[in-house]
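Per TrEMBL, these features apply:
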- 66-189: domain 'Peptidase M4' (DOMAIN)
- 193-276: domain 'Peptidase M4 C-terminal' (DOMAIN)
Amino acid sequence: MSPICCVVPEYILRAVVEKGEAPEHIISACQSTIDNTRRLQDARIQHGQSIVSAQQQQTAQAAGAVRHLKRTIYNAQNSWDSDDLPRDKVMIKEGGVLISKEEDSSQDANECYVGFKKTYDFYFEFFKRDSVNGRGLKLDGFVHYGQRYANAFWDGREMIFGDGDGHIFNGFTDELDVIAHELTHGVVQYTSPLEYKFQSGALNESIADVFGIMVKQWGTDPEHPQTVDQASWLIGEGIWAKNIKGKALRDMKNPGTAYDDATVGKDPQPAHWNDFKKLELSD
Ligand SMILES: [Zn+2]
């Protein structure tokens, strides 16, 4: 079984549970995020077959590709059911107006809608790629998934965002690199489906991080994109709530320095080949 990538790696959530420093309801939110994420792993496998057949049909993308940007943002209404997410509450669809703060004070739907377009535009502008699958796959996003769900992920056919727990994690829709990272997992699936474990899994993650940060460097202000030197190279900058001592989930410039906090532990990313980690399968 190949795990799905989530924005928040399981080792962070497990650290919160094991350290026991956070309030009880936050620890239980982290535990339920772990449990539900594992359950969601099935979803990606179910979608695997259709992805393979789509790959077989896929034609090489070339200059002259036509844009088919089609976004729909739904309110998951705190449902935990990833197999049958409610689609009756559309918050924004392509060409529609952004929602007001009165309709939803979180603004998650707007951020998701905008983040989808910036990611789509990046891939189209620089790679002439028409959406995640290169064939205009519609981009569906679900906000308000689960209860205090402290994660966000691409499940193989759509993007799903939890609200965060409010104590450790802020929301997940306001970071462009986070959205682009997850959509890039979709691109990887449709191009070179690197198995999500060990070194192929590390490559899968790295590609998602690299494209995620490139989308941010360009998409934040496409008229004045950041240069390599100007960019922070921080993945998930601003994702931590104010209680946590950290600047991001990962620091690509200085791996291993993204956070260091009693509640969530220290960033374990190795910065040098000397620190190569031989991973073992977890249960
Ligand atoms: Zn990932």
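A Cβ is built for glycine as well, from the same backbone N, Cα and C atoms used for every other residue.
Across all of the domain 'Peptidase M4 C-terminal' (193-276), the predicted model scores a mean pLDDT of 93. DSSP labels the residues of the domain 'Peptidase M4' (66-189) in these numbers: 34 helix, 24 strand, 66 coil.
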